[in-house]
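As written in TrEMBL, here are the features:
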type     : residues : note
TRANSMEM : 47-67    : transmembrane segment
TRANSMEM : 87-107   : transmembrane segment
TRANSMEM : 143-164  : transmembrane segment
TRANSMEM : 176-205  : transmembrane segment
TRANSMEM : 250-271  : transmembrane segment
TRANSMEM : 283-302  : transmembrane segment
C-alpha cells in the first residue's frame, strides 16, 4: 500500500480531484510544478531520465563554469574585462546549486512530489485551508520566476556586453563570432540553471511552511467555538508532528546553506576590501549578483522558518487568553447568577474590548497574535482541562528546528549579531575599522 502511494518526483501530470479521493479534497493541480521540474531537468520517472538529469547537472553546474574560469579568466585583458572574482563566484554558486540539487534528488527518491508537498494530507483539512494552499501552489512558480528572471537578465546583459566588447582579447576557436556566441549562450544557460535550482528548493520550503500556517490559523478557530480538549490536543499533535517532519527534511539544507552563504560572503568581503583589489561594476558586478542570489535564498528559508515558528508559538498565547477569559467569565456567572457563555456579555462587562476590536493597526496577516477577545464557553470545559491544555502548550513549543535549535526570531537576532561581529572583525583587519 505504501509503495502504491509513492510517486516519482516528476512523473504524470495528475490533479488531485474530488472524484479521485474524497468529496472534501480540493482540486490541487500539479501541472505548474511538473512544467517547472521539466524545465530544470528534474525527472526520475525512468533510469535514462534520471541519467539525463545528472548529466545536465554536471554539464551546466560543473563543466561549463570550470571551463569558463580556466579559459576565459582573461588576465591579460583591459581593466574592464578582467574577472578577478570569477573563482569565488563560480565556486559559491556551484556549491549552492549542488546542495540544492542533491536535496531535491533525495526528496524525489524518498517521498515523491505529492507526498513531499503534503498533498496526500490536504484532503483532511478544511475548505479554507485547501483553497489557500491551492492559491499558494500556483503562486509559487510565479515567485520563482520573480526571483530568477531579474538575476538572469542582469547576468545576461553583463555577459553579452563582455563578449561583444572584448574583441580579440577574449580567446576563441576558428570563427570569433560563432565561438563567442556559443560560449555566451552556454554561460547564460548555466547561470539560469543554477539560480533556478537554488531558488526552487527555497520556494518549496516556503510552500510547505505556508501550508502549516494555514493549518494553524484554522486550528486557532477551535478557541472560538465549543470544542473538546482531547480533540484540540490531538489536532495540535498532528500539526506538531508535521512541523517535525519538515524540520527533519530541511535541517541539513538550511544548516549547510547558512554555513555556505556565510563563508562565501566573508571571503568576498575579505577579497574586495584589500587595498589593491579593483572594485567597480565591471569587475565586481557578477560577484554582487551572486551574493544577492545566495543571500536571498537564505533569507527565504530563514524568514519562512521564523514565521511558522512564530505562528506556532502564538497558539500558547491564544490558549492562555482563552483560558483567562473563560475563568473570568465563570466567576462572573457565580457573582451575577446569570449565564454569560457568549462573548457579547464579556464585552458588556469589559467595554474596553470594543476599542481592541476596532483598533487594528498591527499586522493584518497575524490572526493568531492579536488582542481581540475570543468567544467563551466556560460551562463546557472544566478549569482543570483548560489549565492542563495551556500547560501542554507552554511545555511543547512547536516550530521549525535545526538539530534541536528552534528557528525563531530570537535565533535570527543571534545569527545577525554573530554575522555583524564577524563582518566588523574582517573590516578591522582589512581597512582598519574598529
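Backbone N, Cα and C atoms are what each Cβ position is placed from, and that goes for glycine too.
Same-chain residues lying 6 or more positions outside the transmembrane segment (143-164) and placing a CB less than 8 Å from one of its CB atoms are 36, 81, 170, 180-181, 183-184, 187-188, 191-192, 195-196, 199-200, 203, 206, 285-286, 289, 292-293, 296. Taking Cβ pairs closer than 8 Å, the transmembrane segment (250-271) reaches residues 84-85, 88, 92, 95-96, 99-100, 103, 201, 205, 277, 287, 290-291, 294-295, 297-298, 301-302, 305, 400-403, 407, 415, 419, 422-423, 426-427, 429-430 in its own chain, all 6 or more past its ends. Distant neighbours of the transmembrane segment (47-67): 41, 90, 93-94, 97-98, 101, 105, 186-187, 189-190, 193-194, 197; these residues of the same chain sit at least 6 beyond its ends, with a Cβ under 8 Å from one of its Cβ atoms.
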